[in-house]
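Taken from Swiss-Prot, the feature disulfide bond covers CYS40-CYS46, CYS43-CYS52, CYS55-CYS74, CYS78-CYS93, CYS96-CYS104, CYS101-CYS110, CYS113-CYS124, CYS128-CYS141, CYS145-CYS187, CYS156-CYS163, CYS196-CYS203, and the record attributes it to sequence analysis. Under the heading domain 'TSP type-1', Swiss-Prot lists 144-204. Summarising the annotation, Swiss-Prot assigns N-linked glycosylation site to ASN160 and lists sequence analysis as the type of evidence. Look at Swiss-Prot and you will find 202-243 tagged as region 'Disordered'.
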Amino acid sequence: MQFQLFSFVLIILNCVDYSHCQANRWRRSKRASYGTNPICKGCLSCSKDNGCLRCQPKLFFYLRREGMRQYGECLQSCPPGYYGVRGPDMNRCSRCRIENCDSCFSRDFCIKCKSGFYSHKGQCFEECPEGFAPLDDTMVCVDGCEVGPWSEWGTCSRNNRTCGFKWGLETRTRQIVKKPAKDTIPCPTIAESRRCKMAMRHCPGGTRTTKKKDKKNKKKKKKLLERAQEQHSVVLATDRSSQ
């Protein structure tokens, strides 16, 4: 009887050891399969169908999407279009939501814009904002040439005169308040003119009226001289015929 009981205990112990060994063997084979699967590189836990579920410390969890399928990866750094967010449980890659941004530093700060766009204060622009100038070699916006407000329109004049003509030009100006960051950056125009109608077309006792009168007097004198010459010619012809 004692012998039978002893044999039964040995059988149970062998079964327990065998089950434990089998479990350990299964865990080792599972870890080995994780290690050989490239999807599971750097994972703390991994699924054959979904890839990494948890990452090792200092790595970032990135959810890759290919068509209808998605699976997790553990990366040293996030891919373009994503930025790393460190958390107490696991570091993750979050998608950059800034328009026309290729690489983000944070949710609202872009460090590299897509081709053809200028970077300015963490945002991407097709054209630099007002007051800033583009640098095409680095595709960034820098301080441009800052100018002050326009002055009032000046007096309407022509040939430095404010009368004597129907139309003239009036001009306004503005000053450069801050020079640009680089000498190659042009400043906007600081003076502009436009056509205007003069307040006084005729100058009071002006030269323009006097010139017109002088021309008329010259014409009258010329006509009188021509008439006198004609009359003198007629008189001479009459005297000759009478002789």
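From the backbone N, Cα and C atoms, a Cβ is placed for every residue, glycine too.
Considering only the recorded positions CYS101, CYS110, ASN160, no residue lies within 10 A of CYS74 (disulfide bond) on a C-alpha to C-alpha basis. Comparing the Cα of CYS40 (disulfide bond) with the Cα of every entry in CYS52, CYS113, CYS196, these being the disulfide-bonded residues, the smallest distance points to CYS52. Under DSSP, residues within the domain 'TSP type-1' (144-204) fall into helix, strand and coil as 0 helix, 24 strand, 37 coil. Checking each of the disulfide-bonded residues CYS110, CYS113, CYS145, CYS163, CYS196 against CYS52 (disulfide bond) by C-alpha distance, the shortest gap belongs to CYS110. A 10 Å radius around the C-alpha of CYS156 (disulfide bond) takes in these disulfide-bonded residues out of CYS104, CYS124, CYS145, CYS196, in sequence order: CYS196. Here the domain 'TSP type-1' (144-204) returns a mean pLDDT of 88 for the predicted model.
For the pair CYS104 (disulfide bond) and CYS110 (disulfide bond), the C-alpha distance works out to 4 angstrom.
When the Cα atoms are compared, CYS46 (disulfide bond) and CYS203 (disulfide bond) turn out to be 96 Å apart.
With respect to CYS78 (disulfide bond), the closest of these recorded positions in Cα terms is CYS110, chosen from CYS110, CYS124, CYS145, ASN160.
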